[in-house]
Amino acid sequence: MPKYRSHTTTHGRNMAGARALWRATGMTDDDFGKPIIAVVNSFTQFVPGHVHLRDLGKLVAEQIEASGGVAKEFNTIAVDDGIAMGHGGMLYSLPSRELIADSVEYMVNAHCADAMVCISNCDKITPGMLMASLRLNIPVIFVSGGPMEAGKTKLSDKIIKLDLVDAMIQGANPNVSDADSEQIERSACPTCGSCSGMFTANSMNCLNEALGLALPGNGSLLATHADRKQLFLDAGKHIVELTKRYYEQDDISALPRSIANKAAFENAMTLDIAMGGSTNTVLHLLAAAQEGDIDFDISDIDRLSRKVPHLCKVAPSTQKYHMEDVHRAGGVVGILGELDRAGLLNREVKNVLGLNLPQTLEAYDVMLTKDEGVKQMYSAGPAGIRTTKAFSQDCRFPSLDTDRQEGCIRTREHAYSQDGGLAVLYGNLSENGSIVKTAGVDKDSLTFRGPAKVYESQDDAVAAILGGKVVAGDVVVIRYEGPKGGPGMQEMLYPTTYLKSMGLGKSCALLTDGRFSGGTSGLSIGHASPEAASGGLIALVQDGDIIDIDIPNRAMKLDVSDAELAARREAELARGDAAWTPKARERQVSYALRAYALLATSADKGAVRDKSKLGG
């Protein structure tokens, strides 16, 4: 029988000092026999997805204590990618994931906590906490802050739905008036919560539900809706049950590595492909798998991407549907139900409730369930009132979206396309793979051939696009923006956004060893591995070189002879210590970022630390 970790600090005469300190936090004699459960919060006033979390840790803690545990809350950092976007702040976004994972490990191991409830929401916070959970392998339940309501405004006598990306595109579009741009800006992000489309934050919260580590409804139920409160209460209750299952019944199925095993990772990736999730999810799933010693790599993603159809299309790939519409159609479980009926899921997986996939679908799939309470939960809708408060409204859709032919979620037979929403491309430009969000690519751009316009920083590319130096037919190449080369693997949302605002969104391609925001759409290929700073061929591309992109055949090639490439490589190596670094880039890189770059792997490994350099 496993021993409660917390007994290390609460039992034995030699721990009198530790107990004295525990007493100073409010613990009593009765508490020293109970499990100590960390409530890992991420409240901050910097991030709309986290601004409402201040009191939600207390809500979970009260439920933990009512259920027989001792709750101890702490906070992690949280970076808002949208606010950090387009300037040097974006260098810190991906590295913050590792700091979050480390901070959770430090706090939980230093204080010998027995289990965790992770209150996450936005882009790097959920992945960082997921990495820590699989690294620590103690009982855990995730409950996120929930999605933002979609923005809505009236333009040209028509009501339109909006999100953050619309504000960015129209703000840079010279054909949009100042008044309309300001109106869109003021309407795009109306409430607290993670940005309203299938961007990285919502994608990861959906994947956590598919991994089995979050409760049904977690990925799609709006942050503002009163129904979401129950998820926090249930998380506090169930984590105590999960903890006792492991420590008192020796049930290892309660541990995250047992729940989020390889079969669950395959299901999560299958969901991601079917819903056209953010390309960042590939990076984060690969990183989490490494932390949990799970045999899941980019070849698995490639294999799955070739057979999974695109069943759910959401902003930024369309403005018709946002997360509130996914929820109305049945949320994550609704998509999983269609994937299961298509024979595309591993059915033996279990979630934190102890339910296997068929049991979960029977209870929570709106197409199957007879539970009116579940149907009511999935009818939770937006109020359209600006607010930063959680659980502040109880509006409902008049009916669920169960139209699987033309609705938000579709059957395999009526899929948006039989090709999934994500694809892995290989070729001499990305020998270890690159990622494209096919859900956001125009059908006429699935094959593309054009001359390269090469830039050694995102800033130079943005200046060229806005300055009219990029024209229709070009392949914009942005290199030395990978995990090492950036460092920090910046998101390229501004270059892709400005291509759209300049009318080039469907007539240009973009290739980078950096990554993309979940808000990116268009022919945008990222994560080129190996990256330029690691000697990848992307470092040898020159202006005017022809690049061939063939998404149906999962291929991408630099059309330059082997002899010429060998000569270019020799010339690069002749630069000595300056080889595989940008030739002309002004960028201040802090020691914190240099430390990250020193250990960072390329994107095909999840941009995690290179463990071979750490020994042990």
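Every residue gets a Cβ built from N, Cα and C, even glycine.
Between the candidates E481, E491, E531, E564, Swiss-Prot assigns the Mg(2+) site shared with D81, D123, K124 to E491. Other residues of the chain with a Cβ within 8 Å of the Cβ centroid of D81, D123, K124, E491, the Mg(2+) site, are V79, A84, M90, S93, L94, C122, T200, A201, N280, S517. C122 ([2Fe-2S] cluster binding site): 28 other CB atoms within 10 A of its CB, across all protein chains.
Under DSSP, K124 (Mg(2+) binding site) is assigned to coil, being neither helix nor strand in the three-state scheme. Proximity note: of the listed binding-site residues (D81, C122, D123, K124, C195, E491), D81, D123, E491 have a CA within 10 Å of the CA of S517 (active site, proton acceptor), given in sequence order. Sequence-distant neighbours of C195 ([2Fe-2S] cluster binding site): residues of the same chain at least 6 apart with a C-beta under 8 Å from its C-beta are P48, G49, G82, P147, M148, D163, L164, C189, A201, N202, G518, G519. Around D81 (Mg(2+) binding site), a 10 Å sphere centred on its CB holds 28 further CB atoms from the protein chains shown.
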